[in-house]
């Protein structure tokens, strides 16, 4: 049995460590969606500049999701050799590199940069919930809410101001996407003291009690993963295509970008309150029902009324998507007893979930190419809601994986 780290001395005063940890969570969260949501409003501009087909443009948004799918399940293994703080520091370095590569000006660099960005975000997605449970054990619900709010607020700003940023910087889509390097660098600077703040002490040979079976054998883990995937599929379909759909339905380009921003803004109150409420409930079945009903109504409004009730549809979808995301993250914490299992279910759920979600935007775009009617793409989303409702109800039961 190998020795494990069970104690540490901090080189930072405890209050400073708490402040840096809090700011670190907020700033890393700010980097986990904005680089992706900034793409949708300028996707047509990118297509025209690099002569991309509509399917290729769909894959541009999907590449990070495939990366999440391939690597999320592997990330927890890194924690056996390195601290979470050090791994996240490397992720921020990788993110900065990816954001720069993405705007280098060629089709190849665009796709390679998008893959690198996906790798970096993948690490943050998996390890931040585990970091929160480790460093904020008595405030898990509140910190998960703050984490989700930071992620979605910056995502809203990214989509809403994407076109304006491109015009203001005079660099067009490159300016819209490149501006997020500044956020990544600020996060890198503030996070760096945490990387070297511990003198690790190895004591004894005690190890945490292992799970009785592989997490892949847990039905509950698969239900959480499918819920994660389906809610992500819904979200990324609209992030990738809603601005283009609205533009084709006659809405001005900048207004269509702001609709995406309204969705993100509507997510904010529920992403903060959702984890706190979920943490106090015996089970979360009622919340899953609310998510499904609100998403169904928003999609029906788009199918039937197009842009006539777009603001109502955006608010409903945003609130539903925010609550669904919060539930997915909280299931990692609420359905586990051991800290080590949090990283494992986070990795599994995000790997399997994003693999499923990655097929959403290309299928959504392909359905339009087949008949030149966006309604069929929305029928696809509506049909999957029933499966999301079923697995969500199962995941919401008061049971444990470990």
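Using N, Cα and C of the backbone, Cβ positions are placed for all residues, glycine too.
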From 17-36, 177-196, which range did TrEMBL mark with transmembrane segment? 177-196
Any contact between the transmembrane segment (87-103) and the transmembrane segment (177-196), i.e. 3 or more CB pairs below 8 Å with pairs at least 6 residues apart? yes
For the transmembrane segment (258-279), could you work out the same-chain residues 6 or more beyond its ends whose Cβ comes under 8 Å from its Cβ atoms? 37, 40-41, 140-142, 144-146, 148-149, 151-153, 155-157, 159-161, 238-239, 242-243, 246, 251, 287, 310-311, 314-319, 321-323, 325-327, 329-330, 334
When counting Cβ pairs under 8 Å to the transmembrane segment (286-305), the leader among 144-165, 311-333, 376-393: 311-333
